[in-house]
Amino acid sequence: MDQHNFSSLSEFVLLGFPNVGHIRGWLFVLLLLAYLFTIGGNMLIFLVIRLDAALHKPMYHFVSVLSFLELWYTATTIPKMLANLLSEKKTISFGGCLLQTYFFHSLGASECYLLTAMAYDRYLAICRPLHYPSVMTTTLCAKMAAGCWTCGFLCPISEVILVSQLPFCNYNEIPHIFCDFPPLLSLACKDTSTNVLVDFAVNAFIILITFLFIMTSYGRIIGAVMKIKTAAGRRKAFSTCASHLVVVIIFFGSIIFMYVRLKKSYSLTLDRTLAVVYSVLTPLANPIIYSLRNKELIQAIKRTIFKKEEKASPTH
C-alpha cells in the first residue's frame with residue numbers, strides 16, 4: 001500500500017481566479033457586494049416571513065427555509081474567495097478543505113430536496129386545492145423541512161470518507177475557486193475510478209431524482225392550469241409557481257452539467273464559471289426573484305419596514 005498518504009500533505013493552495021491581475025480589486029468589490037446583497041436579501045425575506053402573520057402559510061414557510069439555507073450555503077465558500085482575492089497566500093488546510101467540501105455539498109443537497117418539497121407544495125395547492133389545507137399542515141411542513149436538511153447532510157458522507165483516504169502527491173494546487181470533489185480527485189496519486197463512480201451515483205440520485213420529481217409536479221401543474229377557462233385565472237394560478245420554477249432552472253441547469261458526469265478530467269474555465277453560477281449568482285438571485293414576482297411578499301416587507309419606522313419615530 002502507498003505510504004504517501006494525506007498526512008504528508010497538510011494544506012492545499014486554492015488557485016481561485018487566475019490571471020485577474022489589476023482587476024483583482026474590482027473583482028473583490030463585486031463579489032463582496034454580491035455577498036452582502038445575498039445576506040441582506042435572504043435575511044430580510046426570512047425575518048419578514050417569520051414576523052408577518054399574513055405569510056404564515058406553507059409556501060412562505062418553505063421560502064423562508066430556503067432563504068435561511070442560502071445564508072449558510074454562501075458562507076461556506078464566498079468568505080474564503082474574498083480572503084484569497086486579497087491574500088497572496090491562498091492556502092487551506094486539508095481538514096478545512098474537506099469540511100468546506102462537505103458543507104457545500106450537504107447544503108446543496110438540502111436545497112435540491114427543499115426545492116422538491118416546494119414543488120410538491122405547489123402541486124397540492126393547484127392540483128388538489130380541496131385537500132391542500134388538510135394535507136399540508138404546519139406539522140407536515142416542519143417535518144418536510146427537517147427531512148430535507150437531514151437527508152442533505154447525510155448524502156456526502158461516503159464521498160468525504162473516500163476522499164479522506166486518498167494518497168495525495170506533492171502537488172497541492174487546487175485549480176478551482178473553492179474545495180470540491182472533482183479538483184481534489186485530480187490531485188490524488190492513485191486511481192480514483194471508485195471515487196468518480198461513487199460521486200456520480202450519489203449526485204445522479206440526488207440531482208436527477210429530485211429534478212425529475214420537480215418536473216413531473218410542474219407537468220401536472222401546467223396541465224391543471226391549462227384547464228382553467230379564463231386567462232386571468234391561469235395567470236393567477238401559475239404566478240404562484242413562476243418564481244420557484246425560475247430558481248429550479250438556474251440551479252439545476254448548472255449543477256446537472258457540473259456533477260452528473262462519469263469523468264475526472266474537466267474544463268477548468270467552464271467549471272469555474274458554473275461554480276460562480278450556483279455558488280454566487282443563484283443565492284444572489286433568489287431574493288430578487290421571490291420578492292419582485294410576489295406582491296404579497298412585497299407588501300409584507302413594506303408593512304414590516306413602515307411598522308419599524310413608526311415605532312422609531314417620536315410621538316407628538
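Glycine too: its Cβ is placed from the backbone N, Cα and C atoms.
Given the structure is predicted, the values throughout are model-derived calculations rather than measurements.
The annotation domain 'G-protein coupled receptors family 1 profile' is assigned in TrEMBL to 41-290. Averaged across the domain 'G-protein coupled receptors family 1 profile' (41-290), the predicted model reaches a pLDDT of 89.
Under the heading transmembrane segment, TrEMBL lists 25-48 (among others).
Proximity of distant same-chain residues to the transmembrane segment (60-78), defined by a Cβ-Cβ separation under 8 Å and at least 6 residues beyond the stretch ends, is recorded for 31, 34-35, 38-39, 41-43, 45-46, 49-50, 100, 103-104, 107-108, 110-111, 114-115, 117-118, 121, 138, 141, 144-145, 148-149, 177-178, 279-280, 283, 286-287, 290, 297. What TrEMBL records for 60-78 (among others) is transmembrane segment.
Taking Cβ pairs closer than 8 Å, the transmembrane segment (200-221) reaches residues 109, 112-113, 115-116, 119-120, 122-123, 126-127, 155-156, 158-159, 238, 241, 245, 248, 252, 255-256, 259-262 in its own chain, all 6 or more past its ends. Among the features that TrEMBL reports, transmembrane segment is placed at 200-221 (among others).
The transmembrane segment feature in TrEMBL is assigned to 242-262 (among others). Under 8 Å from some Cβ of the transmembrane segment (242-262) lie the Cβ atoms of residues 108, 111-112, 115, 118-119, 122, 196-197, 199-200, 203-204, 207-208, 211, 214, 218, 271, 274-275, 277-278, 281-282, 285-286, 289-290, 293-294, all in the same chain and six or more residues away from its ends.
What TrEMBL records for 274-292 (among others) is transmembrane segment.
Sequence-distant contacts of the transmembrane segment (25-48), counting only residues of its own chain at least 6 positions beyond either end whose CB sits under 8 Å from a CB of the stretch, comprise 17, 55, 63-64, 67-68, 70-71, 74, 78-79, 81-82, 85-86, 280-281, 283-284, 286-288, 290-291, 297, 300-301, 304.
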